[in-house]
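Novice: Below you will find the structure I want to go over with you.
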Amino acid sequence: MSPKTETKASVGFKAGVKDYRLTYYTPEYETLATDILAAFRVTPQPGVPPEEAGAAVAAESSTGTWTTVWTDGLTSLDRYKGRCYHIEPVAGEENQYIAYVAYPLDLFEEGSVTNMFTSIVGNVFGFKALRALRLEDLRIPPAYSKTFQGPPHGIQVERDKLNKYGRPLLGCTIKPKLGLSAKNYGRAVYECLRGGLDFTKDDENVNSQPFMRWRDRFLFCAEAIYKAQAETGEIKGHYLNATAGTSEEMMKRAVCARELGVPIVMHDYLTGGFTANTSLAHYCRDNGLLLHIHRAMHAVIDRQRNHGIHFRVLAKALRMSGGDHIHAGTVVGKLEGERDVTLGFVDLLRDDFIEKDRSRGIYFTQDWVSMPGVLPVASGGIHVWHMPALTEIFGDDSVLQFGGGTLGHPWGNAPGAVANRVALEACVQARNEGRDLAREGNEVIREASKWSPELAAACEVWKEIKFEFEAMDVL
């Protein structure tokens, strides 16, 4: 519960506790173009009216506290307070509501995702009057988004750097993720790149462990990249994970990558933190490095339907903080991701202007005002039989990443890479010829396997592998 706030000194100070809704529930409010808008899924405790719950969220995530304080009279709360301006029940759910909250732009530090999240979600999620709370979406106004650099380079600049157009990019996470020596790790990188992949990748928890220190890994991977480039005539890359225990150490690793002349580094943006990520993104733009982002820890935050933060919000935050790639689920693989929900936040990552579309979970129209886009990365439990669906779902502006689906090939790493490259080229050609990949995809793969023994072997190994579990987070 919270005060009805009077901001004029002549009124005088009246101590006490009053309902939040008397001050922070304002259904007559017309949102401003400069407001940050939030859509919260609110589950109040029994006996708490939805208007009070929505107002409590607005208050506790902006200027309010649990009781009237005399310093309220020293400022204009009408200028600075958050406002719950609309509440609607969630269809099919009992005692659950979407509360829309508007925040004045002056509440937030320019160019700081850290400050934005500290304000909007930093404290209110532990509020006792709420059984559960989930931040479903944010509208970031151009007046705020223009204070951010955003991705270091973006989709078009990356394609120009790599000289690769008209198809998704292909990647592979090196497995086993832990335990290889740096030299054996570099060998696997070389074999995959030589076989036809565009990128290989450090897994999210590959940092600098006793069995493989980061500098040794960087050196052997750089050697692998240059050797594969010389043999194939294509530009290659390996996502060198710069994530570290301190921001200073992270930057030291990024500097080493730049000195080695490699094209791309990597960061775990949630475990590493938004402040560190934004610093790294600025360095990458200034020094010509692409930045791959892994979302390790995201499911702790976003998987539960009633509590937490939806990934579309984390995706928007990443676009502002900075990254050229980010993992975005696969729809068809082993990791969580319902199709319409996934395509909704994929558009929020890639496009300049995204219309409100509740059928895909997009609560607000978002205008990025020419901020560079981010390539979504499909990774996790995918193999050659998934290639038609992945090509059809994600389109050209994506990275399709096969870890076990490359390194698990019965003939070795390079043949695994060949199989994936052949499958991708076949799917792109079939699509360009007007064939329906959703309906004819398996036939396209079978036809291509007649001319590629590597693809035929991969098709045989993974013909029975499926991950058919219902998504937890559905619209």
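Heads up, the Cβ atoms here are built off N, Cα and C, so glycines get one too.
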Novice: Which one, S62, S379, S398, is listed by Swiss-Prot in the same substrate site as N123, T173, K177, R295, H327?
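Specialist: Looking through S62, S379, S398, the residue Swiss-Prot assigns to the substrate site is S379.
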Novice: What is the total of other Cβ atoms whose distance to the Cβ of E204 (Mg(2+) binding site) is within 10 Å?
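Specialist: Counting Cβ neighbours of E204 (Mg(2+) binding site) within 10 Å gives 20.
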Novice: Of the recorded positions K201, D203, E204, H294, which one has its Cα closest to the Cα of K177 (substrate binding site)?
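Specialist: Spatially nearest to K177 (substrate binding site) by Cα position is D203.
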Novice: By a simple count of other Cβ atoms within 10 Å, which of K177, K201, R295, H327, the binding-site residues in the record, is least packed?
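Specialist: Output over binding-site residues K177, K201, R295, H327: least Cβ neighbours within 10 Å is K177.
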Novice: Give the sequence-ordered list of residues that share a chain with D203 (Mg(2+) binding site), lie 6 or more positions from it, and have CB atoms under 8 Å from its CB.
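Specialist: Once residues fewer than 6 apart are set aside, D203 (Mg(2+) binding site) is near T173, I174, K175, K177, L178, N241, G403.
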Novice: Provide the number of Cβ atoms within 10 Å of the Cβ of K175 (active site, proton acceptor), excluding the reference atom itself.
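Specialist: There are 16 of them.
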Novice: Please state whether DSSP places K177 (substrate binding site) in a helix, a strand or coil.
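Specialist: It is coil.
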Novice: Of all the Cα pairs drawn from N123, T173, K177, R295, H327, S379, the residues the record ties to substrate, which distance is largest, in Å?
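Specialist: With N123, T173, K177, R295, H327, S379 as the binding residues for substrate, the largest Cα distance is 36 Å.
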